[in-house]
Structure formats: C-alpha cells, structure tokens
Amino acid sequence: MAGALVRKAADYVRSKDFRDYLMSTHFWGPVANWGLPIAAINDMKKSPEIISGRMTFALCCYSLTFMRFAYKVQPRNWLLFACHVTNEVAQLIQGGRLINYEMSKRPSA
C-alpha cells in the first residue's frame, strides 16, 4: 500500500501538470510571500520595543485580504492561503506582544 502511494506521488512529480504548477505564479507567488511570516516568526525572539504597531496592523489587514483572495481565486491557491494564515497568526502574536509591552511601561495607579 505504501509502495503504491509512493509510486503515485513520484508519477505525479514527473508529470507535466506538476511541472506546469512549478512554473506558475500559483507556486512562486506564495514561495516569495513566505518571507513575511518567516520574518515575523523570527522577530518573536527580539525585544518588543522594535515592533511597529502601524506595520503590524497593516500586515494583519493585508493577510486577511489576501487570505480571502487565495480562497476565492479559481483554482484555489492553498499554498498562498496557508502563507497568509501563518502571517496573520504571527502578526497577531506580535501585536499582542506590543500591547503587553506598552501596558507594562505605564505606571500603575
């Protein structure tokens, strides 16, 4: 059973359909876009004082907009959708870190 599954996957990878997919914007667009969530995830190790609230908000709006686009476009671009879901989560975490940092700077009453 596993051998048949591996053979089927290998046949698909060698197919013209797969090569066409690799040469399309449905593949390379999301690959290039993965830089945003990777950078956000990498920045989680850094101090929250470097987080830009405006940029975080803009990237949240951007990812929400393009999540919808990736879902609505035909054929659906699941790679782009996954990229924007990951970026949305990463940006929301960064936004939460910024809010916690700003709240901790305020003097308690």
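Glycine residues also receive a Cβ, built from the backbone N, Cα and C atoms like all the rest.
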* From the candidates Lys45, Lys72, the one which Swiss-Prot records as N6-acetyllysine -> Lys72
* Asked: Where DSSP helix means H, G or I and strand means E or B, what are the helix, strand and coil counts for the topological domain 'Mitochondrial matrix' (72-109)?
  -> 29 helix, 0 strand, 9 coil
* Sequence-remote contacts (6 or more beyond its ends) of the transmembrane segment (53-71), Cβ cut-off under 8 Å? -> 36, 40, 77-78, 80-81, 84-85, 87-88, 91-92, 94-95, 98
* Asked: Tell me, how many other CB atoms lie within 10 A of the CB of Ala2 (N-acetylalanine), whichever protein chain they belong to?
  -> 6
* **Averaged pLDDT, computed only over the residues in the topological domain 'Mitochondrial matrix' (2-20)** => 81
